[in-house]
Amino acid sequence: MSKNVVVIGTQWGDEGKGKIVDWLTDHAQGVVRFQGGHNAGHTLVIGQGASQKEYKLNLVPSGIVREGVNCYIGNGVVLDANHLLFEIDGLEKAGLEVRNRLKVSPGCPLILEYHVRLDKAREAAREPGRKIGTTGKGIGPTYEDKVARRALRVYDLFYPERFAEKLREVLDYHNFVLTKYLNAEAVDYQQQLDEALSKAPLLQPLVTDISAALYEANKAGQNLLFEGAQGTLLDVDHGTYPYVTSSNCISGQAAAGTGVGPSMLHYVLGITKAYTTRVGGGPFPSELDIETEDSPGFQMSDKGREIGTVTKRKRRCGWFDAAALRRSARINGLTGLCITKLDVLDGIKELNICTGYELDGKPVDLLPVGADDVARCQPVYETLPGWDESTFGISRWEDLPQNARNYLKRLEALCEVPVDIVSTGPERDETIVLRHPFGA
């Protein structure tokens, strides 16, 4: 009987999902993307020593680095065809077999040039204090078109005349916005049409009814791994709105973004760092100074190599926020937690955990809804002793320093979710397993 696992980021993204998805793929026959676009970034480190390889993935599911694992891009993903083909070419040059294992939903909305121009022009027009921190890759405008029912989808590419008609209508609208409101350059219709249609024969062999394919895989007893991108606190409905992404990043989207029923999802694994990070604008109650050497925030930033995979911007760093994690746990219905980057905290004498907030003089034990209230929250901390010993690469619970175990058990109690996995390094075997999501 199959068992299907959903992997979700529980913070503001960048929690280390890629390594965990890759590690879990040992027990899966399929890996599925269900939301976001190429604004997501996963870094996978495979092998050791001279044979070690590093793969940076944006659109292609992490399971592609595993031989024989099928990969699926569901209808909830917005697709930049140029980037997908670029990524496929790069992986094939690295010696991976991709095209006969990768399947794409015909319902994926297409990211086109006008989406990218709109994204960049809007961000440039915002006042400094109100910038979202968008990646400028056209994700948000594409989701807007989807909701407004004017998006062009992968399916449309295979009907050139209809595609041309739809493109003219939507491009007239967006060019008006670009030129009249944003003082940006218009997109040339013929150039956009030719460029988009040129991708049709390259994409067509990949296109499959993902809902049907996943149903049949599940029926055949295959284990499926649903790979979330970004994080719960960036969710368009449940995150620190408006400083969010434009898709739903929560476990429920695994069903909507692929066309499977919720009863096919058996276990939800929440990934969280042992501290907290955030890229771009928006409130961050437990944020620390990352510029002053010898400070905890500097150690998190420096030792944790906290640079965005996609944006190349320094990530903001702060103490672990249990009040925010409790919110994530409830929204996602988490079965278990995976704590990553524990080793980054090695050597910090005292570790603070944000257990709640004070908001307008009143105690609050959950992250509030909406960025304005979150920005006014003052963190309430509990302090635990740190540890001097290295935890890097440890793969057995009993080998962890006692204070590290105490820290993890306290996170477990505060978050009200069992810690099932602890990651102590970037490689597959640098992992402590207390309970395996696939029951292995």
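Yeah, the Cβs are placed from backbone N, Cα and C, and that goes for glycine too.
The active site, proton acceptor annotation in Swiss-Prot covers Asp14 and is backed by sequence analysis. Residues or ranges marked as active site, proton donor in Swiss-Prot: His42. Summarising the annotation, Swiss-Prot assigns GTP binding site to 13-19, 41-43, Arg315, 341-343, 423-425. What Swiss-Prot records for Asp14, Glu15, Gly16, Lys17, Asn39, Ala40, Gly41, His42, Thr135, Arg149, Gln230, Thr245, Arg313 is IMP binding site. The feature Mg(2+) binding site is assigned by Swiss-Prot to Asp14, Gly41, with sequence analysis given as support. Positions annotated as substrate binding site by Swiss-Prot, on the basis of sequence analysis: Thr309, Val310, Thr311, Lys312, Arg313, Lys314, Arg315.
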Alpha-carbon spacing, Thr135 (IMP binding site) to Thr424 (GTP binding site), which is rounded to whole Å: 29
Integer Å distance between the CA atoms belonging to Arg313 (IMP binding site) and the residue listed as 'active site, proton acceptor': 12
Which binding-site residues sit within 10 Å of Asn39 (IMP binding site) - Cα, from Lys19, Lys314, Arg315: none
Which listed residue (Lys312, Arg313, Lys314, Arg315) has most other Cβ within 10 Å, given these are binding-site residues: Arg315
Arg315 (substrate binding site) and Gly13 (GTP binding site), Cα-Cα, nearest whole angstrom: 10
Of Gly13, Asp14, Gln230, Leu342 (the recorded positions), the residue whose Cβ has the fewest other Cβ atoms within 10 Å: Leu342
Alpha-carbon spacing, Leu342 (GTP binding site) to Arg313 (IMP binding site), which is rounded to whole Å: 22
Neighbour tally for Lys19 (GTP binding site), based on other Cβ positions within 10 Å of its Cβ: 26
By Cα-Cα distance, the member of binding-site residues Gly16, Lys19, Thr424 nearest Arg313 (IMP binding site): Gly16
Three-class DSSP secondary structure - Leu342 (GTP binding site): helix
Helix, strand or coil at Thr424 (GTP binding site) [DSSP, three-state]: coil
Residues satisfying Cβ distance under 8 Å from Thr424 (GTP binding site), sequence separation of at least 6: Leu342, Asp343, Thr391, Phe392, Gly393, Ile394, Ser395, Glu430, Thr431, Ile432
Tertiary neighbours of Gly16 (GTP binding site) (same chain, Cβ under 8 Å, six or more apart): Ile271, Lys273, Thr340, Lys341, Ser423
